[in-house]
Each structure stands twice: as structure tokens, then as C-alpha cells.
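S.K.: Got a structure here, written out as C-alpha cells. Questions coming.
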Amino acid sequence: MDSRAAAQAIPDVSPSPHPSPVNRSLAERLGVDIIQVYDWDWWATVVQSGESLLLILSTLWCILLARVVSQKLRLHGSPDLCYATEFVLVVLPCILLVSVAVDYSGYVGLVMLGATLWFLRTSRALERARSRGQFDLGGNRPMCLSILRALTHLITAVCILAIDFGSFYRPYRKSRQFGAKLMDTGIGLFVFTMAMVSRRTRQWSDLRRSVLYSALPLILLGLARTVSILTLGYGQDAHEYGQHLNAFFTLGYTKFLGALVSILARKDLHLLPLGFGLLAIHQFGLSVLGISDYVMDEDVERSSFFNANREGLVSLPGFVGLFLLSIYVNRWMVAKSLLSYSEFAKKLRRLFYLVLILWTSFVISAYEIGISRVTCNLGYVIWMLAIGSTTLWASFGAIDFAINSVMPWESSPSEDQEQGLLSGDAVAKRRGGSIVPFTISQALNKNGLTFFLVANVLTGMVNIFLRPEDRSQSESVIILLIYMFLATKLTHELLKRGIRLA
């Protein structure tokens, strides 16, 4: 099928040289002479999504491998050895798979699939799972959710610096109009995981707490980033969030507006019609009223604040809809944490059905309306829900069903955290004590914002002082390894000391 990505101009066919304000289009009201209709190649979008999902699942597999290796080597008494093992088995492959080893990602995926099937067969995981009395998913913070949050932080941190090197796989970079590339997943998965640790607002005091402790800090960080960029003259792609806005603003306003809208829901089930209703209105505006074409039209001058930041502002309703639906997914996941084998299998099966429905909807959306991170359209929201649910289902089954049945983590004072409670309270009480598996995941869940801020600062320093565009492939890998070591090791040291910053 031929690509449909070319833009075509549609001339103004109004019979009157001075149409009435009622009949004027959105583009005319905003001072644009023509509307650009942007199309997409739906099959290329599906292929891009497959590449993105493969990288995410490969990194997840590496995290699970690190869990098994740590168990086999009995590293639970040495936090530093746990960290070193996970860094080599998780961070290093992630860096290689987005750069110099990307050509082998398909073969790596096949090896991982084969190794998984071999493990399930030789360990008799199914029989052992059936013999278990109950499955403890870990209360309000199941381990599968914590791993998804860590995955999002790790892959995003690697990509925001790796993209500046010539060795980075260019098809992974963000789309400017339509597409489903790896870096398009960043902001969507951040919203998804932010919602997964949130609850619907029940009273106004909840809203005030969400604004003060969650939304406001993110907005202030966004403001600080904008001021820093303008002061230092550091470049920013206006096609991502606009000329002045950035990801921190999007996350902060999404949290605020999501908490505000969710107060309309009397129970968790009401979040579904709220979310889908908001997305339907949003998609109507994008497709029927021409707002999508207005956002993507490069001829629109950034003369006013709205025009200058149209990408970030127009996409907010879509992100709020994603936030509301993700809260409901989380409440369904943690509705009951102690399950029998039959209850666990039923939940796992229902989650798998949801994954199939979402990916089918994604393909339909890719064909009918396209997938656009820039406007956060309905297709993009479905894509984020599909990736998030797939990762949850895979880690849910791999950790709670298979690995914990075959090799439950040996007796440890922090055993409750292996089951998913990553509050860090136990670690704070025993500074220097044992740390359970998924050490880097724990560290990122406890100080994720700190990690992301450090990663952004280091990225800026590398770009200013090391000129990444002039580096060879081997130099780029070394720089990325040092960069990720500094960022992850800082959060790991904070975890060891029981310190939580942000």
C-alpha cells in the first residue's frame, strides 16, 4: 500500500470574500489561509508499534533475567552486587538495543522467547503454581506495576541522550505528526503509570492534596526547565509540546485536570464513561473540526501563546482521558490482592482478553484515524493502554505466576517488598540491610522524579561539553553507560539509605 504521509493543501472555496464569523473555519479564525490535511501510512504505524513493543518487552525480559540470576547467586545480602548484576543485565542491553545492536533485536527476541519456553517447561512452573495455596499480589502496589514504572524511566532516560548520537536508531525518534515510534511512548506511559498510583478524587480535600503534592511540583519543574532553556539558549523542538511547554507541564496539568474531572465519578466504574466521553469529544474536535490539521500545520505562525504552544495545549484532553481510564485499570488490578489459583488464573485470562481487544482496536485506529502523540488522539490513547496492559500482563504472569512459584525469594526481612510493596519504609528502618530483587526498579519507584531530573541535567551537560554528534559508536556506548550509571547509582544509594526525595 502506498504511503499516505504526504500533506495536501485544500484551497478556500468559500463563495464570499468576507464570510460571516459563524461560517468561518477554525483555521480562518486563527489566521491561517489554508488547512493542511495530513494523512498517514497505517501499516508503517503498525510496524513501528511492533518495533517499540519488542524493545519494551526485551527490556522487561532482562529485568526478569536479573531476578532469576540474583536468586541463583544468592545476592539478596549484597545491595551493591544486586545493583551491579541488574545494571549489566538490564541497562547495558537496553543501551545496545537502541543503538549499535538494533539490527539484531529480532534475533534477540527469538532467543528470549525460546529461553522463556525452556524455563517454563523444565521448571514445571504450571504444576508448581497450581500447588500454591494463594497468590499475594502485593496490595495497592503490585510488583508488575512497579516494574512498568521502572521500564518507562529507564527507556526514556536512555533515549533522551542516545538520540543525540549518530548511532541511535533513527526510526525510534518521536513522530512530528502521525506514528507509533518508541520515543512516542514516553509521555503516554508516564501518564499511564502516574494514574496507576492514583485514585479518583472523592472530596475536595483530595483535590487540594493532589494539586499541592503532585501537580504543582511538576508544573514548577516545567517552569524551571523553560526558564533554564531560555536563559542558556538551549534548543527545544517546538513540535513536541510547543515553544514554551514541556513534558513536566503536560504531566502536571494532566494530574490536576484528571483529579478535577474524576470528582464527578461516584465510583470507580464511572471513570470509564467519563474517560471515553472526554476522548470522543476530543477526537470529534480533532477529526471533524480540523483541530488536528491546525496543530500539525507548520505554516501557522507561533505569534500568540496558544499558537506557540498548540501541541501541548490541544493534547491535554487526550492525556486526561488516558489518565481516567488508567485509574480504572489500576483499581481493577488491585481490587483483591490475595487470590487462589483459580482466581489468579481468571484475572490473568481477563487481562489477556483486554490486551487482545486493545491491540485489535489499535490496528483499527491506525487505519481509520491514525496514531498521533502530538494531539494525543483516541488512537494514541488506545495504543498506550495496549502497551501498558501488555506489559502488566507479561510481568504479572512471569513474576507472580511463574518465577515466584519456581523460585520464591528466600527469607528476607524485606520479603513484603518482593510481593510488590515498594514503600521503602522497611529499608529506611534497616539502613545498610538486605535489599530484595528488582533493586533498580525499587530505586526508580522511590525516587523516580529525582532520577529523571538528574538524567535531564546530565543530558544537557553531555550535549554542551561532549558534542555527541561527533562521537563514534563505541564512544557513544561508553558515554551512555557512564551517564546511566551516574543516574541509577544515585537513586540506588538513596534507596540503601532509606532516603526519599521525589
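In case you wondered, yes, glycine gets a Cβ from its N, Cα and C as well.
In case it's useful when we look at the structure, here is the feature table from TrEMBL:
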REGION    1-22  region 'Disordered'
TRANSMEM  52-69  transmembrane segment
TRANSMEM  81-101  transmembrane segment
TRANSMEM  147-166  transmembrane segment
TRANSMEM  210-233  transmembrane segment
TRANSMEM  245-264  transmembrane segment
TRANSMEM  271-292  transmembrane segment
TRANSMEM  312-330  transmembrane segment
TRANSMEM  351-369  transmembrane segment
TRANSMEM  381-403  transmembrane segment
TRANSMEM  448-466  transmembrane segment
TRANSMEM  478-495  transmembrane segment
S.K.: Do at least three C-beta pairs under 8 angstroms join the transmembrane segment (448-466) to the transmembrane segment (81-101), pairs 6 or more apart in sequence?
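M.R.: No, since the transmembrane segment (448-466) and the transmembrane segment (81-101) share fewer than 3 Cβ pairs closer than 8 Å, they do not count as touching.
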S.K.: Could you check whether the transmembrane segment (478-495) packs against the transmembrane segment (81-101) - three or more CB pairs closer than 8 Å, residues at least 6 apart in sequence?
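M.R.: Judged by the Cβ rule, the two regions touch, with the required three close pairs present.
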S.K.: Taking the transmembrane segment (351-369) as reference, which of 81-101, 312-330, 381-403 has the most Cβ pairs under 8 angstroms?
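M.R.: Looking at each of 81-101, 312-330, 381-403 in turn, the most contacts to the transmembrane segment (351-369) are made by 381-403.
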S.K.: Taking contact to mean three or more C-beta pairs under 8 angstroms, with sequence separation of 6 or more, is the transmembrane segment (147-166) in contact with the transmembrane segment (271-292)?
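M.R.: When sequence-distant Cβ pairs are counted, the transmembrane segment (271-292) does not touch the transmembrane segment (147-166), since fewer than 3 lie under 8 Å.
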S.K.: Before we move on, state whether the transmembrane segment (52-69) and the transmembrane segment (312-330) share at least 3 Cβ pairs under 8 Å, counting only pairs 6 or more apart in sequence.
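M.R.: Contact between the transmembrane segment (52-69) and the transmembrane segment (312-330): absent.
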S.K.: Considering pairs 6 or more residues apart, do the transmembrane segment (245-264) and the transmembrane segment (81-101) have at least three CB pairs under 8 Å?
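M.R.: Counting Cβ pairs under 8 Å (6 or more apart in sequence), the transmembrane segment (245-264) does not reach the transmembrane segment (81-101), since there are fewer than 3.
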S.K.: What parts of the chain pack near the transmembrane segment (271-292), using Cβ distances under 8 Å and only residues at least 6 beyond its ends?
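M.R.: Counting only partners 6 or more residues beyond its ends, the transmembrane segment (271-292) has Cβ contacts under 8 Å with 25-27, 35, 38, 200, 261-262, 264-265, 314, 317-318, 320-325, 327-328, 331, 369, 372, 375-378, 381.
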S.K.: Mind checking which residues reach the transmembrane segment (81-101)? Cβ under 8 Å, same chain, six or more beyond either end.
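M.R.: Cβ under 8 Å, 6 or more out: 55, 58-59, 62-63, 65-66, 69-70, 73, 75, 108, 154-155, 158-159, 162, 165, 167-169, 172, 182, 435, 437-440, 473, 476-477, 480-481, 484-485, 488-489, 492.
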